[in-house]
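Below is one structure, written out as structure tokens; comments come after it.
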Amino acid sequence: MSGQTPKSSTIDTVLEEQRVFNPPERIKETAHIRSYEEYKELYDYSIKEPEAFWAKQAELVDWIKPFKKVYEGDLVEGEHKWYLGGKLNVSANCIDRHINTWRKNKAAIIWQGEKRDETRVLTYNELYNQVCRVANTLKKWGVNKGDRVALYMPMIPELAITMLACSRIGAIHNVVFGGFSADSLRDRINDSGARILITADAGFRRGAYIPLKDNADKALEGCPGVHTCIVVKHTGADINFWTQRDKWWHHEINSPDISSVCPPEAMDSEDPLFILYTSGSTGKPKGVMHTTGGYLVYTSLTMKYIFDLKEEDTFWCTADSGWITGHSYVIYGPLALGATTLMYEGLHNYPNPDRLWQVIEKYRVSIFYTAPTIIRGLMKEDEEWVKKHDLSSLRLLGTVGEPINPEAWVWYHKVVGNEKCAIVDTYWQTETGGVIITPLPGAIPTKPGSAAMPFFGIEPAIVDSNGEECDSKDGGSLIIKRPWPGLMRGVYNAPDRFRETYLTMYPGNYFTGDGARVDEDGYYWLLGRVDDVLNVSGHRLSTAEIESALVSHNKVAEAAVVGYPHDIKGEGIYAYVLLKNNAKASSELRAQLGQHVRKVIGPVASPDKIHIVEQLPKTRSGKIMRRILRKIASGEFEQLGDTSTLSNPESVDELIKTREE
Ligand code: PRX
């Protein structure tokens, strides 16, 4: 862990922001929670009477067998359990309970492909049939309760269907983002011990193919445990097909021996639901594990109150389901509440910068949830791209993934929301299962750049580097003082890693890894990571992971990776690279190194700048001084601080002179 000083460039702007926006009247009139007082009363109750509060919220979910105890455990040992003794099934909650009502023929998933004319609508009843067929197919290929299933898919309905099918039979899904490389996929499959992979021939990106099956083939060369690979025919791209291992999805699920009925497995509340790998401050991604009962209650509750979800809403979260946002708020949250969720395969600016606005107009989307990086990218374009579309269906706008700079917030409010929509800047993490700090749209006035206040049951605090609660106005590290149902249960395959990574820094508390401050009105302002995790376009990457990818290149001796402020991406990746003796710096080599990182991790991790250096600034004990590297990458040469403790102080001037602009 490096120092406790937040690195984000947003700090300067958020410190100056003073504006306050009250909830729009039309939202206030109909919202689930309509005043600050109502929020505060329920919040205080959730903290004072957690057992009663969480017992009541569990009514959002259908239980096969009622739970006996609401929770047990704490954040000292890290063992926390929720809804003990309860039995339920997530897919039954997301599907079966709706098909016995008028929702049977309601659109569950509206899918929009990258091509304008590629659309599909699945009603809850259709979703039921498909999920049962896939669940039975998985069983046929040997998947039992507790087995892991790896998914490597584009944003198509089959991804949601497979996740739900896994949950139906009690299998644990492990979705790997389609933008990750074959190597990353291989490691995640092996760590999870999955024996079956579901993929597609390819995905689309800017009209070209993303070769998912080719990548899967390469990955599976290193996965001896995988016996079956089921392939969705999505693009029609040419692929290799090894009939002993590969099966076509459409053949399998429509095979005469596959029934369209599959009774849901009664799962224990604490049975794992999924694993999702995410980067921390070490080089090895962690398999964050979420379980059944607590996760479903928490995603349902946050979905209802934060997005103020109503029966007639069309909800669109643009996140890929390879990330936690796409798990909780494209699939589980909306479907558990019987909503219509929109799934989109494609980019926000292809073929034109009005793609998102055109989709909102087409489906009359009422709640729209995206990332600040996308907003920043689109606000650079002519406003006419937005104005030419009728966005009057919008009621609520959300953001997630990184701090939003007030300029982008105000543009979102004025230009996209036409000053009529509520905005929720939602702060959370893969580990937290759902949103933990946020405004409530009808109740909490918003301040651009602030994620506002803790959600029900969440008790945050700001601590200094000694772990003492400090004057939160000055800022410090953000911790959460008690568990809640959506908090991860553990790191898959590494029983001690949950406690060691998150609970030992400030014993008895969950450490988020983020810096924050709280203003005089009790609003939280997130200030960026305080550890060696980067947030690039809302994607979480560890500097250690990128460094080890660089060092695995045969010409690289040493690498140090830091973030620097980037107008669109939030943070850009700046890599300092020291070559082996006989290697020569050249632009070809730089390009090769970029390619190498893409191959090892994936395109998301490709450095924006590669600075080939003669030496790295090190302390006398041989530790790289990252603080100085960050300042140089950001162009802040005046604030380098004390360099006298370096063993090679001359390296600093050299780095400044040769810095990559
Ligand atoms: O640094 C915080 C940032 O994203 C990190 C979590 O990344 P990940 O697990 O990939 O989940 C992203 C989506 C939930 C956090 O540690 N972050 C997320 N939301 C916000 C944010 N930073 C500031 N404001 C937010 N609203």
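The backbone N, Cα and C atoms fix where each Cβ goes, and this holds for glycine too.
Remember, TrEMBL labels are computer predictions, not curated facts.
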Of the residues Asp382, Asp390, Asp514, Asp567, only one is listed by TrEMBL in the ATP site with Gly401, Glu402, Pro403, Arg529, Arg540. Which is it?
Asp514
Maximal Cα-Cα distance (Å) across residues annotated as binding ATP, namely Gly401, Glu402, Pro403, Asp514, Arg529, Arg540:
13
Same-chain Cβ contacts of the region 'Disordered' (641-661) under 8 Å, 6 or more residues past its ends?
574, 576, 609-611, 613-620, 622, 625, 627-629, 631-633, 635
Within 8 Å of the Cβ centroid of the Mg(2+) site residues Val551, His553, Val556, which other residues of the same chain have their Cβ?
Ala549, Leu550, Ser552, Asn554, Lys555, Ala557, Ala559, Val577, Leu593, His596
Predicted model, mean pLDDT over the domain 'AMP-dependent synthetase/ligase' (100-492):
97
Ala208 (CoA binding site) CB neighbourhood, other CB atoms within 10 A:
11
Per residue, counting other C-beta atoms within 10 angstroms of the C-beta, which of the binding-site residues Val551, Val556 reaches the highest number?
Val556
Enumerate in sequence order the binding-site residues Gly207, Ser537, Val551, Val556, Arg598 whose Cβ-atom distance to ligand 1 is under 6 angstroms.
none
Protein Cβ atoms within 10 Å of Arg529 (ATP binding site), excluding its own:
22
